[in-house]
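Q: Could you have a look at this structure, given as structure tokens, before my questions?
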Amino acid sequence: MGGKQPEPANVSSKSESMATNKASPDLLNSLSFKSLKLKTKQQELLIRVSILGLVYVLAFIARLFSVLRYESMIHEFDPYFNYRTTLFLTEKGFYEFWNWFDSESWYPLGRIIGGTLYPGLMVTAALIYWTLRFLRFFVHIREVCVLTAPFFASNTTVVAYFFGKEIWDTGAGLVAAALIAICPGYISRSVAGSYDNEAVAIFALLLTFYLFVKAVNTGSLAWALGSAFGYFYMVSAWGGYVFIINLVPLYVLVLLITGRYSMRLYVAYNCMYILGMLLAMQIRFVGFQHVQSGEHMGAMGVFLLMQVFYFLDWVKYQLNDTKLFQTFLRITVTSAILVGGIALGVGTASGYISPWTGRFYSLLDPTYAKDHIPIIASVSEHQPTAWSSFMFDYHILLFLFPAGLYFCFKRLSDATIFIVMYGLTSLYFAGVMVRLILVATPAVCLISAIAVSATVKNLTSLLRTKQKVPQTGSMKGAGSSKASSKVLLDQSQPFQKNGAIALLLGVFYLLSRYAIHCTWVTSEAYSSPSIVLAARGAHGNRIIFDDYREAYYWLRQNTPTDAKVMSWWDYGYQITAMGNRTVIVDNNTWNNTHIATVGRAMSSYEDEAYDIMRSLDVNYVLVVFGGVTGYSSDDINKFLWMVRIGGGVFPVIKEPDYLVNGEFRVDKGASPKMLNCLMYKLCYYRFGELVTEYGKPSGYDRARGVEIGNKDIKLEHLEEAYTTSNWIVRIYRVKPPTNRL
Amino acid sequence: MAARIWILAVVVAVFLSLSAFSSAQDLQIVNAERRIDLSSQIVKAFLTLKVENIGKDPVAEMLLAFPPTQIKHLAMVQALAITGKKKKKTYLPLDVKPSEQPDAPNDAGFFIVSFATPLGPGETVKLEVLYILTHSLEPFPVEITQSESQLVYYHDSAVILSPYHIKQQTTFFKTPSTRVESFTSIEPANRAGKEIKYGPYEDRTPYSYTPVIVHFENNSPFAVVEELVREIEISHWGSLQITENYRLTHGGARHKGVFSRVDYQSRRSISGASSFNALLAVLPPRVNSVYYRDDIGNISTSHLRTGFRKSELEFEPRYPLFGGWKATFIIGYRVPLEDYLFEAPDDRRYLNFTFGCPLVETIVNKLTVKVVLPEGSKDPSAVLPFTVNQDLQVKYSYLDIVGRTVVVLQKDNVVPTHNVPFQVYYTFKPIYMLAEPFMLVSAFFFVFVASLAYVHIDLNIAKK
């Protein structure tokens, strides 16, 4: 785009010099006028580039709250695994990484890391790291990992600009870039330190969509190829690529149904699908799923349908007889659908095509996971979204979105159809699962940007036409809407101007509220690393609970290097990454039985649990306990999920045994099984001697606000190995068996 | 017959060697007092000797002997000559060098002390010797629980090991508390409070040795830094960046059994008496940008007090250290360059910085000090008051092309007394300082030129 800019400049300067030859008296006048005109164009470019540059920087720095407030560190759970693998990749090289069998997790099974992860994020970070090293910037890999997410968020704003430009105009592009730069829905997953797949995946997702829409608009093979590579990057980075491989065919199908089939679409989709599929197969974790799994069959069906359409087009061209063609059409379409249906049926029946996975089902049916896969339902980010979190994450975009949809429908094109479909489907998924708000965010931002841009443009053109009637030509792209406003203007002039000003002020007020809200949300809600907890003290001072790292570092330094640690799966990644010790289960929840075994051990009596732990070679047991600090997301509050997941595989564990009248209690009224299960004992061991709050009896659990029911806990097979300073993490050593007599 | 000649030859050889040694026998120690401080993990011994030349020739040097069990734990030996009477006492440091004596009994180790002026016949000199022993307190019992306090053994001799005849001598052991389980009794020996007194003993022949064991309570922090790497990076832009990598361990009796947080919190006085959780580092004054972190991130428990003469960093490891527990961490800070970098008269520059470990009362098993000189520095040389292993390395830092010369100084068994200044001399042309800014400027320049060119050049093949 930039390359074409000076071209008209040269042309016009030529014409200008010709003009000077003809009329020398006008020289000064024409020169200044012409150069001014040139300047406005260059100025526009300058303004656009500088706005985009500012947005780019803004997107980056808005995500640095956590670094400034805490430190440059990796957040949450999954990012620790990503960090550990990236470290491995940079230390050992790509081939070692690709063939890495990790014996530190899922003991005794182990995990083939290279074949069970999306390597895109790690490879990206490693490439950035190696490039910086090559340029003699000797940064630590941790800094690269921490800043990968903000960096890619910045890149996303650029893609959003081009996408907005493609579907509407440059103004919408700029607004989209600005909106997405600070949208909390996106920031929640891309603050500095949240080194997760989503950090690069949203960039890849939007890039793929943009390139595909561009390909559809131009029919160019090059853009389609670009889109295929974008898809490849997305597949390498995140499992959410399934969304692309279903949305794009759905979009194509809609275009086919609405009679918008064109050669451009044919080129774009075929190239993108075939190449994208072949490239995606290179990722070991994905493998042949594109031809074997139920989730990917839609794309293949649409691909075949596309060929049928092309064939029919060709036949229509050859036949010239409409009646004959109609019959032919009927026969072909019926047989094609029939053949496709049979192939799908045979494939599914023979087991060649795998059925849909649980996660996919749970997306289509929000209640599915609750009944069938408790492990998916147990994750808080897999819960259905509450209305408040929509408001929290989108703020005014929630109102602008329908307005944008209205504008899109008013100016329907291939591109706007795409964005509408993307917006509507992703918004549905966002309603099903909290974490998918992230996927919907770019669409919501783009559609809202259209609304903002179109409204502001209409309003400003209204004001301008009022002031300088002859200079209407200076605004381009406003097009038909401006013409209509002019008509309106003629009808009621004085009223219109004030109204426009008021509305403009209203828009700017709303946008400024949005900016304030986003900053507030980012700083208050999304910039906490969750591994370091901060609280306000009685005198307003900041108290830091760094117990997690205390415990993990203790494990790392003071336990045998081959020690096996059993904990609930949430902490698995952190223990391996920070504690450098082998864990039984971790956040890669690939083996439900193994997790259920741990859940069963935690919910059994100590001697039963001891047998399970012996069979798993467990040396240490780690529990998270918030009773002293009032930290509510601890293992006692997660305990029912352990029971449910354990009970799902081992029917000995029954949920009602742990409840009293359907109520989960830890005080005196708790069920006897609850009061004596391993988890209860490990959390509350010697807690009864402690006075946690002034004026409360000893053994008062601050997280649940009750006095515990079993204060006299004796451990037989385990002993306290370490408890952190605020009791948040407690580690127990499993004693060797006593001598048999 | 041949055998007899052989024996004779041996006797002659022995006699000759003794006569070579006889200058040593010209000396005798009139009075010796030894005070051994056992109150921390570092054993400090103060030896006051009155030496007399009873021979006929002037003697220039004397020997100090140490038993083989001590010689490998010996961190430092210093000697001072005292002249003048009580009020006008002046101390003169003397040169002390390790030496090999081939005929030493039972592998005893020796140090040679050179007198300032040779000691004439009949003259006496008063010497004060300080020697420091590390890893000489042996925990017994080897493993203790959280509620027990730490007991240690100290092995030594009741009389001073010396190649000279000692007319009269006394030894005092100072224990940290009054709790002494046992001590070997060599009459006259008695204990009063925190002090155990052996002696006075009269007329002990050379190389007398009477082993004694003192078994006592010592709960002082046994903070042992297994390895410390200090990196001092000189930037001629105005600062000195120091990064210290610690591998700390509790070198006392190993912790056994449970760690109970309840006991540790509520009964602090009797629970974990030998453990420690606070450390103090003495840093230079005007220190800034101090950080304290480890492999997994920042550690938030530290306080810095800056002062005119020194700064103090009080910090806690992530967890209290019990016997055998380990902790690794990094301390980094920055000091202004003008306090430590000077120009030598011969147009060279030199860094004047403190050797040793900033942590108080710690033993460092292996200390590596790396001085990273700025890129383009030449002819580095280090000057130290004691011997260390020296080496040169190359390090690449931000925007380095040829790399920086690193002077590596390595020493084992370092105690706080080694915190003395050392110098590193090198030559450096100030023009090299501009290399990196120039590189950055030119990089930006090329980016702008490239974008200018891109905007102005039409790369389209097809004409529009």
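Each residue, glycine too, has its Cβ placed from N, Cα and C.
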Q: Do you know which of A:144-164, A:501-521 TrEMBL annotates as transmembrane segment?
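A: Per TrEMBL, the stretch marked transmembrane segment is A:144-164.
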Q: Report, as numbers and ranges, every residue of the chain located at least six residues beyond the transmembrane segment (A:327-353) whose Cβ falls under 8 Å of a Cβ in that stretch; write 'none' if there are none.
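A: Here the qualifying positions are 292-294, 297, 301, 304-305, 308, 311-312, 315, 319.
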Q: Taking a Cβ cut-off under 8 Å, which residues six or more beyond the ends of the transmembrane segment (A:415-431) line up next to it in the same chain?
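A: Long-range Cβ neighbours of the transmembrane segment (A:415-431): 166-168, 209, 212-213, 216-217, 243, 247, 250-251, 254-255, 258, 260, 363, 384-385, 390, 401, 404-405, 408-409, 437, 439-440, 442-444, 446-447, 450.
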Q: State the mean pLDDT for the domain 'Oligosaccharyl transferase STT3 N-terminal' (A:51-447).
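A: Averaging the confidence scores along the domain 'Oligosaccharyl transferase STT3 N-terminal' (A:51-447) gives 91.
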Q: Mind pulling out the one from A:144-164, A:170-187, A:231-254, A:266-285 with the most Cβ pairs under 8 angstroms to the transmembrane segment (A:112-132)?
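A: By the under-8 Å Cβ criterion, the transmembrane segment (A:112-132) pairs most with A:231-254.
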Q: State, in range form, which of A:144-164, A:170-187, A:199-225, A:231-254 has the highest count of Cβ pairs under 8 Å to the transmembrane segment (A:390-408).
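A: Going through each listed stretch, the top one turns out to be A:170-187.
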Q: Count up the helix, strand and coil residues in the domain 'STT3/PglB/AglB core' (A:564-622) according to DSSP, in that order.
A: 33 helix, 9 strand, 17 coil
